[in-house]
Amino acid sequence: MLPFTLISIPVYVIFFCTLIRYRKAELSGAFFTLHISTAVADLLNLIFGKFFFKFPVFCGLFPLGYDIAMRYSFFFGKLVAFMLWYTMHAQMCGVVAITINRFTALVFPLRHSKIWTKRFLYLMIIGMWLLPLAFSVLVLTTEIELLANWNSEGELRWYKYQYEDAWVETIIYGVSGIWIGVVLNVTLLIMYVIQFIKFVRNRAALERSNIAAKTKAYTELKLALCGFVIFLVLSAYGLVLLRMIAENLFEYYCDACIHLYSVIGDIYAWATPYILLTMSSQVRHCFLNTIGLGRLSKTNKVTHLITSVSGMLERRTAFL
C-alpha cells in the first residue's frame, strides 16, 4: 500500500485545491464545505501518521533524527501520539457531519436549506475540531516511548508506542474502539438506511415532478451514496480497531492483523477523493479543470437550480 499511499497524497492535495477553488461555484454548499474541513484532517493524518508513525512502527524506517528525538524527548512521543489520535477522531467527526448533512437532505428536503445555515455549518465544523480534544488530550498526561517488538527468533516484528500509564492507554483505546467500532457504526448505518428508504418511498412522486426537481433529488442521492461508501470504509476500520483492542492492545496480535489495521487506516484516509471523483461528474469536471484537463470532461447542462449553503445542488447548472 505504500506506493499507492504516496501517490494518493498529491492526488488528495489537488482534490483539496479543487474544493477550495470551486467552493463558491460548482462545489459550493455545506456538503463540499464539510469535505474541505475533513480533507485537512485526512491529509494531516495521512502525512503525519505515515512519516512519524507507520514508517517506524510497521516498517522500522525512521525519518532523520526520529529515533534520537524519541530517545531523548518524551514530548516528541506525546506529540506524535496526540496528533494521530486527534486527526483520527477529527476524521470521524467529519464523517458524522457529512452523514447528518445527507440525512437532512433526503429525509427533510423541504427544511434542509433552513437547517444548514452558515451559522449551523460553522458550528458543525468547529465541533468537528473541538470534540476530538476530549479523546486526545489524555495522551499528553503520560510519557510515551517507542519500543521494538521482537519475535521468538530475535527478528524485529514492529515498533510500538509504550504508554507509561497503562490506564491512559486502556482508556484511549477503549473509548476510541467503542466510539468508532460500535456507536458510530450502528448510528450512521441506521441514518443511511433511513435516508435510502425515504428516497425509495418518494420515487413515485418524484417521477411526476419536473426535470429540475428530479435532477436535484438524484444529485442529493448520488452525494448520499458517496457518503455511504466513505462510511463503509470507516466501518471496516472501526471493526478492526475494536478487535485489536479486544486482543489486549497489540500484545498477542498476528502480523497480518497489524498490517490490516495499517492498510485500512491508509485507505480510509485517502479514499474520499477517489470516491467522489468516481461517483460525481460534478466533482470530476472541476478536478479535471484544476489540472488543466477540463476538455476531457463531458457535461450536459440540464437546468438552472437555486444556489444555497444547504448542500443540495448549489450551482445554477447541474452536471449529469
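Any Cβ shown, glycine's included, is placed from N, Cα and C.
Sequence annotations record features per position, and here TrEMBL assigns domain 'G-protein coupled receptors family 1 profile' to 11-276.
For 6-22 (among others), the entry in TrEMBL reads transmembrane segment. Long-range contacts of the transmembrane segment (6-22) within the same chain: residues 28, 32, 35-36, 39-40, 42-43, 46-47, 270, 272-274, 276-277, 283, 286-287, 289-291, each at least 6 residues beyond the stretch ends and with a Cβ under 8 Å from a Cβ of the stretch.
Per TrEMBL, the feature transmembrane segment maps to 43-64 (among others).
Residues or ranges marked as transmembrane segment in TrEMBL: 84-108 (among others).
According to TrEMBL, the transmembrane segment annotation covers 120-140 (among others). With a cut-off of 8 Å between Cβ atoms, the residues of this chain six or more beyond the transmembrane segment (120-140) that come close are 30, 33-34, 37-38, 41, 78, 81-82, 85-90, 92-94, 96-97, 100, 168, 171-172, 175-176, 179, 309.
Sequence-distant contacts of the transmembrane segment (171-194) (same chain, at least 6 residues past either end, Cβ-Cβ under 8 Å): 85, 88-89, 92, 95-96, 99-100, 102-103, 107, 135, 138-139, 224, 227-228, 231, 234-235, 237-239, 241-242, 244-245, 249. Annotation source TrEMBL lists transmembrane segment at 171-194 (among others).
With a threshold of 8 Å between CB atoms, the same-chain residues lying at least 6 positions outside the transmembrane segment (223-246) that come near it are 31, 92, 95, 98-99, 101-102, 105-106, 173-174, 176-178, 180-182, 184-185, 188-189, 192, 195-196, 199, 253, 257, 260-261, 264-265, 267-268, 271-272, 275-276, 279-280, 311. For 223-246 (among others), the entry in TrEMBL reads transmembrane segment.
What TrEMBL records for 258-277 (among others) is transmembrane segment.
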